[in-house]
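All remarks here apply to the structure that follows.
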Amino acid sequence: MCGFVAYVNDDSLQMKETTIQKMMDRIIHRGPDDSGKFVDEHAALGFRRLSFIDVKSGNQPIFNEDDSKAILFNGEIYNFKELRQELEGAGHTFSTHADTEVILHGYEEWGQNITKRLRGMFGFIIWDRKKQELFGARDHFGIKPVYYGKIGETFFVGSEIKAFLDHPDFKLELNKEALKPYLTFQYPATEETFFKGIYKLPAGHFFHYKDGQLKIEEYWDANFEAEDMNFDQAVDRIEAAVKESVKAHSFADEGIKVGSFLSAGVDSSYVTAMMRPDMTFSIGFDSTYDETKDARELAKRLGLKNTDMKLTNETAFNAFPTIQYYLDEPDSNPSVVPLYFLTKLAKDNGYKAMLSGEGADELFAGYTDYGFNTNSKAIRWLADQLKKLPRKQRYALGEKLKNAKNFHGRLHLYHALAPAREDFVGQAYIFSPEEASDILKQEYDCGPSVDEILKPFFDKVEDLDIDEVAKRQYVDIHQWMPGDILLKADKMSMANSLELRVPLLDKEIMAVAQTTPTKYLFNYKGTKWAFREAANRNLPEEWAHRPKMGFPVPIRAWLREEKYYQQVRDLFAQDFVKEFFDQDKLLQLADDNFEGKVDGRRKLWTIYTFLIWYKLYFIDNFKPAVKEA
């Protein structure tokens with residue numbers, strides 16, 4: 001796991017040497033073990049390394065046999081040994097044992113189709129010195145970030161946006177169209193980032209940049225198409241896939257410590273049970289927001305060691321600006337706070353890599369927002385039966401339910417039968433577009449609408465004869481998961497120079513998930529049911545069937561505690577806030593929430609997050625102290 005930054009222009013070699021070093025230093029947290037760079041007349045490549053495989057000789061850039069191509073790579077390839085054997089059989093000569101070099105030779109052998117053959121998490125670029133062409137790609141799900149943009153005559157690409165700030169051609173300008181969508185989604189929801197002119201390479205895509213022209217193509221997409229099987233077969237397939245994936249994700253060179261995160265939920269518990277690491281790590285707040293007791297109990301029952309940490313409100317709140325700096329863009333998901341400290345805890349205990357449970361909810365239908373809106377098993381059973389109707393009949397019933405008088409179970413039945421695009425926006429909906437318009441200044445009441453952001457994803461699956469739950473999964477896999485879940489997983493772990501591996505988010509796991517009938521995952525019994533049953537074979541039953549919690553974070557308590565309420569209010573009262581928001585309305589919302597008149601915690605936290613982030617990057621020019629490991 002590492003970080004890279006590169007740019008293409010015709011600056012002098014001396015200029016490139018100096019500039020790329022500054023850009024590399026900005027992301028030293030991603031790779032404190034080593035560094036490397038390369039410059040020529042047309043490009044500059046910089047790299048920071050956190051080493052796991054071929055520790056002695058795996059530094060980057062790595063070149064091919066005739067030094068005509070150089071690669072920078074961030075991630076892990078889990079099938080690199082098989083690919084290497086195939087490439088050696090085709091006549092390729094390797095100078096290292098690293099997975100990085102396999103990608104480079106694979107590109108020589110198969111061109112851009114190397115992306116289809118990789119299994120793992122990755123962001124990489126390959127500079128072809130002869131053709132003066134840059135090729136780059138991002139993994140299937142967007143586990144690893146890749147940002148790019150062209151400002152003036154300079155094309156930038158890298159693992160983190162902040163690395164671009166140290167280039168003299170980079171213009172620090174806010175993308176005004178990013179703010180309103182963020183207020184609804186809680187995370188950067190547009191392809192263009194909050195930094196004007198800088199974009200996210202979509203998951204499952206690659207690019208070519210040559211002669212000033214950029215071409216982006218998709219190489220992979222999720223394809224939900226259920227196969228014929230019974231329930232036991234579905235559970236067997238899931239269990240076998242999870243077991244194999246956890247094993248593949250657990251490797252490292254001798255002496256490198258790999259552990260797992262452990263909460264009270266089924267996902268991390270299942271991964272931990274299959275991995276059986278030397279150490280597990282957990283985090284919590286006070287007794288109301290604490291899962292560490294349950295995590296310790298599970299670790300004990302599995303015969304594993306557990307190290308946990310209790311966060312104080314003051315520690316968490318004081319670290320929040322630093323957390324937002326490392327995220328690159330504002331993300332008001334409260335779980336970024338405990339995740340930052342959890343990764344720090346593992347790193348402080350000598351671990352370089354951890355396994356975690358991200359991905360199971362999206363791949364195996366674990367969210368109640370997919371249409372789990374009643375505790376009545378009778379209503380749930382009825383919904384399961386009605387979902388067997390032909391699509392036109394389902395939609396017609398859904399339309400009737402939409403306009404019907406309210407009754408117990410109406411919402412559950414409506415979500416089961418109506419088209420997914422009528423009501424689904426993902427796992428966060430903080431401000432409605434109307435509410436956002438009400439508090440934003442006119443200049444910032446702009447940007448793509450919720451419908452415009454989600455339309456490309458719904459359009460792809462709208463006419464497919466698949467369950468509406470699967471359509472919601474498809475949208476989350478493309479929007480919520482890379483935009484929020486994986487963004488914070490990468491940035492919070494790498495802020496602490498720790499590699500986070502997600503074995504439940506793997507293309508082999510996906511091959512099983514997308515062919516599992518929805519009726520075995522999301523039904524009257526509960527969410528991700530077949531997945532839970534697979535976990536149940538390896539866990540105490542109470543763990544396999546626990547409701548989803550996520551990282552419990554006490555923001556409600558914070559915003560009603562005088563000290564933190566005043567801290568938020570003081571920020572809202574600063575002059576720069578008037579550029580974006582109706583300041584009086586913000587202050588009133590903070591006051592009303594503090595006095596218990598409204599529950600405005602998520603709205604307040606989303607605004608507070610943006611203002612903290614903006615102040616760091618656009619006013620304070622914040623930069624943490626840089627030190628070698």
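Keep in mind that glycine also has a Cβ here, set from the backbone N, Cα and C atoms.
What you are looking at is a predicted structure, and each value in this text was computed from that prediction instead of being measured.
Here TrEMBL flags 2-212 as domain 'Glutamine amidotransferase type-2'. For Cys2, the entry in TrEMBL reads active site, for GATase activity. The L-glutamine binding site feature in TrEMBL is assigned to Asp99. Per TrEMBL, the feature ATP binding site maps to Ile283, Ser356, Gly357. Under the heading site 'Important for beta-aspartyl-AMP intermediate formation', TrEMBL lists Glu358.
In this structure the residues listed as binding ATP are Ile283, Ser356, Gly357; their two most distant Cα atoms lie 15 Å apart. DSSP classifies Cys2 (active site, for GATase activity) as strand under the three-state reduction. In this structure, the CA atom of Glu358 (site 'Important for beta-aspartyl-AMP intermediate formation') is 20 Å away from the CA atom of Cys2 (active site, for GATase activity).
Using the Cβ center of Ile283, Ser356, Gly357 for ATP, the list of other same-chain residues with Cβ within 8 Å runs, in sequence order, Ser260, Phe261, Leu262, Ser263, Ser268, Leu339, Leu342, Met354, Glu358. Summarising the environment of Ile283 (ATP binding site), the number of other Cβ atoms within 10 Å of its Cβ, over all protein chains shown, is 27. Reduced to three states, the DSSP call for Asp99 (L-glutamine binding site) is helix. Under DSSP, Glu358 (site 'Important for beta-aspartyl-AMP intermediate formation') is assigned to coil, being neither helix nor strand in the three-state scheme. Model confidence over the domain 'Glutamine amidotransferase type-2' (2-212) stands at 95, taken as the mean pLDDT rounded to a whole number. Between the CA atoms of Ile283 (ATP binding site) and Asp99 (L-glutamine binding site) there is a gap of 33 Å. Sequence-distant neighbours of Gly357 (ATP binding site) (same chain, six or more apart, CB under 8 Å from its CB) are Phe261, Ser263, Gly265, Val266, Asp267, Ser268, Ser269, Tyr270, Val271, Val502, Leu504, listed in sequence order. Cβ neighbour count for Ser356 (ATP binding site): 25 (other Cβ atoms within 10 Å of its Cβ, all protein chains included). The separation of Asp99 (L-glutamine binding site) from Ser356 (ATP binding site), Cα to Cα, is 22 Å. Reported as a whole number, the C-alpha separation between the residue listed as 'L-glutamine binding site' and the residue listed as 'active site, for GATase activity' equals 13 Å. DSSP classifies Ile283 (ATP binding site) as strand under the three-state reduction. With a cut-off of 8 Å between CB atoms and residues at least 6 apart in sequence, the same chain places Arg30, Gly31, Phe47, Arg48, Arg49, Leu50, Gln60, Phe73, Asn74, Ser159 near Cys2 (active site, for GATase activity), listed in sequence order.
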